[in-house]
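Written below as structure tokens is the structure these notes are about.
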Amino acid sequence: MLRVGRIGTKTLASSSLRFVAGARPKSTLTEAVLETTGLLKTTPQNPEWSGAVKQASRLVETDTPIRDPFSIVSQEMSTLANNIGSLIGSGHPTLNKVATYYFQSEGKHVRPLIVLLLSRALSAIPESERDRGTFDASDVTENVGELNPEPSINDPLSPIEILHGINPDIVLNPLSRPSDPLPYESNGILPKQRRLAEIVEMIHTASLLHDDVIDNSATRRGSPTGNVAFGNKMAILAGDFLLGRASVAIARLRNAEVIELLSTTIANLVEGEFMQLKNTIVDNSEIANKATFEYYIHKTYLKTASLMSKSCRAAAVLSGARNPIVDASYKFGKNLGLCFQVVDDMLDYSEGESHLGKPAGADLKLGLATAPVLFAWEKYPELGDMIKRKFDGPGDVERARFLVQQADGLSRTRELAQKYCDEAVANLDLLPYSESREALRNLTMKMMNRSK
């Protein structure tokens, strides 16, 4: 229940308020706040706009707190690791151990959480408005007994004996083992959307195994990395194996557009890593600074935002939603992914190793120029030479960190992250109101305040 009074015990975060004040079409909350206070006619061009927004933030109160995003899809998240385990099992015990190593730690699992929440939010769209393409029989919830079901996401496309390989009588992996059938629909989330969330986490984990080898990382989430625990060769092979298993699961979704989207994300991850290994700076000019920053944003999209954006679009495609919703879902994932990584780059300068669960200041030590140092470069041209030599000179890392702190590098990085955060929140406008949509907004805004 919404109450509007002179003093509210709870106020909206600034980013939430910016969304409320600029919502199009205006939400019930917007109308209640602005109309009640007589500020409905106020516009951003009006000198009183800033004061109006601040006043609105003090007047909004809701009796119904926003639920923790995880709790809304807790059932699906609680079975995530087990379901993935059934997809990636191998006949080789060592490969099993390495491939499942990162799934055993307490990770954030942000990507599958986003896919599941978005899928549930998409289920609030009336079925009459979800007519982009056709549903597979395995995703239809009514009159199941009267259908001639098409193959499910657990059924192979090729003959079992082909997938088995040389010995068709031996069961080595889940490609040929029958899986327990998934419920037709649970919590508003379709079986293919749940499988999508699992695939996304598999792709992400494979990229972590590979990244830790490339970066020679020693710890992740407070534990030894895969390359430290098992060696570089095993870690690389385990990452490859995960991508192979993910590719099989992608194919079994039997949706050409989704297959294209997810296959592209794998290529994007590799492209982004290549971009990170390369340096584009050629001189210390303003043009070089701008080009380097654009390069950084593009690399960030490929390495982080591509998987989020394309998996969000895939969830919308599987829901049957129309093109405007599908496009908005993609933009939401893109902006959220960029916000997530920009905040991550900022934390590398502001948090310690014990808090992050991984070495602090790692980017500079790896020779990487991220947003904080690129912004500081505009004020301190000497950073250009350090970027060019990848901070490999004596004292470069310490000097660069000092200059970032002296300049406005961190504050401008926060502003950039906030921009992406606000855009991601606005991208959710097209979705109908639901608990899951509000949880996505809450999750997005919390990205700005995370400390690890």
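Heads up, the Cβ atoms here are built off N, Cα and C, so glycines get one too.
Here's what Swiss-Prot has on this protein:
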BINDING   LYS108, ARG111, HIS204, ARG221  isopentenyl diphosphate binding site
BINDING   ASP211, ASP215  Mg(2+) 1 binding site
BINDING   ASP211, ASP215  Mg(2+) 2 binding site
BINDING   ARG220, LYS303, THR304, GLN341, LYS358  all-trans-polyprenyl diphosphate binding site
Assigned conformation of ARG220 (all-trans-polyprenyl diphosphate binding site) - DSSP reduced to three states: strand
Integer Cα-Cα distance in angstrom, ARG221 (isopentenyl diphosphate binding site) to ASP211 (Mg(2+) 1 binding site): 14
8 Å Cβ shell about LYS108, ARG111, HIS204, ARG221 centroid, isopentenyl diphosphate site members excluded: GLY107, HIS109, VAL110, GLU201, THR205, LEU208
Listed binding-site residues (ARG220, ARG221), ranked by Cβ neighbours within 10 Å, top entry: ARG220
Minimum Cα separation from ARG111 (isopentenyl diphosphate binding site), reported as the residue among binding-site residues ASP211, ASP215, ARG220, LYS303 that achieves it: LYS303
Cβ-Cβ neighbours of LYS108 (isopentenyl diphosphate binding site) (radius 10 Å): 10
Other CB atoms, at most 10 A from the CB of ASP215 (Mg(2+) 1 binding site): 19
When distances run from the Cα of LYS108 (isopentenyl diphosphate binding site) to each of the binding-site residues ASP211, LYS303, GLN341, the nearest one: GLN341
Cα-Cα distance, maximum over LYS108, ARG111, HIS204, ARG221, record's isopentenyl diphosphate binders, Å: 16
Protein Cβ atoms within 10 Å of ASP211 (Mg(2+) 1 binding site), excluding its own: 18
